[in-house]
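Sequence annotations record features per position, and here Swiss-Prot assigns disulfide bond to 18-68, 27-51, 43-64, 72-122, 81-105, 97-118 based on sequence analysis. Under the heading domain 'BPTI/Kunitz inhibitor 1', Swiss-Prot lists 18-68. If you look up Swiss-Prot, you'll see 72-122 marked as domain 'BPTI/Kunitz inhibitor 2', on the strength of sequence analysis. Summarising the annotation, Swiss-Prot assigns N-linked glycosylation site to 29.
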């Protein structure tokens, strides 16, 4: 149930919509907007037609940056509702995706349905542990080991 004065999100969490491509939309009232480019991890300018499009659309670079770029440093946030469910958030202190209890509405963007989604969004590839994988072919690979100054 919703607590008085709260409302459910009617759009996906930023972690989901920040990965959508820039969308001009069908209208022709062209204006400059910003979208989050997940490939470059930056907020970029795009031309918006003025209607529909998608939720990866911000009036200012700052709004885009606060919504999409910095989500991984936000704390876990329960939110004001009472529909408790397990979710994952990125804990920047431990550099891991951890479980937390989410109330079902509001909260913040550091909120992922799966650990894998959290890792893809927040964990830097160079701090992931080496994984051998399920196959039995032996192929040489390089591994970056942080804190070791050897070549």
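Cβ coordinates are placed from backbone N, Cα and C, and glycine is handled just like the others.
What Swiss-Prot annotates, mapped onto the structure for a quick look.
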residue: 18; record: disulfide bond; DSSP (3 states): coil
residue: 27; record: disulfide bond; DSSP (3 states): coil
residue: 51; record: disulfide bond; DSSP (3 states): coil
residue: 68; record: disulfide bond; DSSP (3 states): helix
residue: 97; record: disulfide bond; DSSP (3 states): strand
residue: 105; record: disulfide bond; DSSP (3 states): coil
residue: 118; record: disulfide bond; DSSP (3 states): helix
Compared by Cα position, which of the recorded positions 18, 27, 29, 72, 118 is the closest one to residue 64 (disulfide bond)?
18
Work out how many Å separate residue 118 (disulfide bond) and residue 68 (disulfide bond) at their Cα atoms, rounded off.
13
Using DSSP with the three-state reduction, classify residue 43 (disulfide bond) as helix, strand or coil.
strand
If you draw a 10 Å sphere on the Cβ of residue 51 (disulfide bond), how many other Cβ atoms land inside?
10
Going by C-alpha positions, which of the disulfide-bonded residues (18, 27, 43, 81, 97) is nearest residue 72 (disulfide bond)?
97
Which residue, out of the disulfide-bonded residues 72, 97, shows the minimum number of other Cβ atoms inside 10 Å of its Cβ in this structure?
72
Given the disulfide-bonded residues 18, 43, 51, 68, 81, 122, which lie close to residue 29 (N-linked glycosylation site), meaning Cα to Cα within 10 A?
51
